[in-house]
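Encoded as structure tokens, the structure appears first; notes follow it.
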Amino acid sequence: MAGGTQGVAAIVPAAGSGQRLAAGVPKAFYQLEGQTLVERAVRGLFESGVVDTVVVAVPPDRTDEAKLILGREATIVAGGADRTESVSRALSALSAGVSPEFVLVHDAARALTPPALVVRLVDMLRAGHAAVVPVLPLTDTIKAVDANGVVLGTPERAGLRAVQTPQGFSTELLLRAYRHAGVSAFTDDASLVEHVGGQVHVVGGDPLAFKITNRLDLLLAHAVVRG
């Protein structure tokens, strides 16, 4: 990236098929009470007042549709074969303009994330932390299980957290993490940063930042929007 640093950019990987949702369309394009999930996710980022630009990675055959839905609100790029490739392509798209100081990566499926959570995250970044993720304490007991279905142990719940998005990073750290991503499978961007030795801090998450993955999640999302 060239031309100095400025502001906060957000990347929204929205190229997944959404097979578990079984909605008949890619998950990000599901209509939740009149607005697609990706539309709600992007607008929530802007409503925070701390995000300057958004890049959305969508299925290659949905780029025109995404441009119609989002208009000039976001830059649209064709996503890749997996989440890591989609985010990488979105990062490349950011290089066309002024390099942001920070980059947030936010799941389109967490479409109801409150703008206040985005503000808390960016405040932590501006306070000097290079990587910040929102988390919630676990309420269920967690078991480690082997391939044969045998319980190996019970991790101490007090030290475990469920991780949400958006996840925020200094641009330099996130770019370095993606340069060293290789072929390893990472389920989130914080894992990539941990892989290159980055220290990740946490900020309090929000129950409304839940990930819409299955039909039960959809029922909850509709209920939340309807109030």
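Each Cβ is built from the backbone N, Cα and C atoms, and glycine gets one as well.
Remember, it's a predicted structure, so these values are computed and weren't measured experimentally.
Residues annotated as site 'Transition state stabilizer' in Swiss-Prot, with sequence analysis given as evidence: Arg20, Lys27. Taken from Swiss-Prot, the feature site 'Positions MEP for the nucleophilic attack' covers Arg157, Lys211.
Lys27 (site 'Transition state stabilizer') sits 11 Å from Lys211 (site 'Positions MEP for the nucleophilic attack'), counting Cα to Cα.
Sequence-distant neighbours of Lys211 (site 'Positions MEP for the nucleophilic attack') (same chain, six or more apart, CB under 8 Å from its CB) are Asp107, Ala109, Arg110, Gln164, Asp217, listed in sequence order. The 10 Å shell around the Cβ of Lys27 (site 'Transition state stabilizer') contains 26 further Cβ atoms across the protein chains shown. Cβ neighbours within 10 Å of Arg157 (site 'Positions MEP for the nucleophilic attack'), excluding its own Cβ and spanning all shown chains: 13.
In the three-state DSSP assignment, the secondary structure recorded for Arg157 (site 'Positions MEP for the nucleophilic attack') is helix. Under the DSSP three-state reduction, Lys27 (site 'Transition state stabilizer') is assigned to helix.
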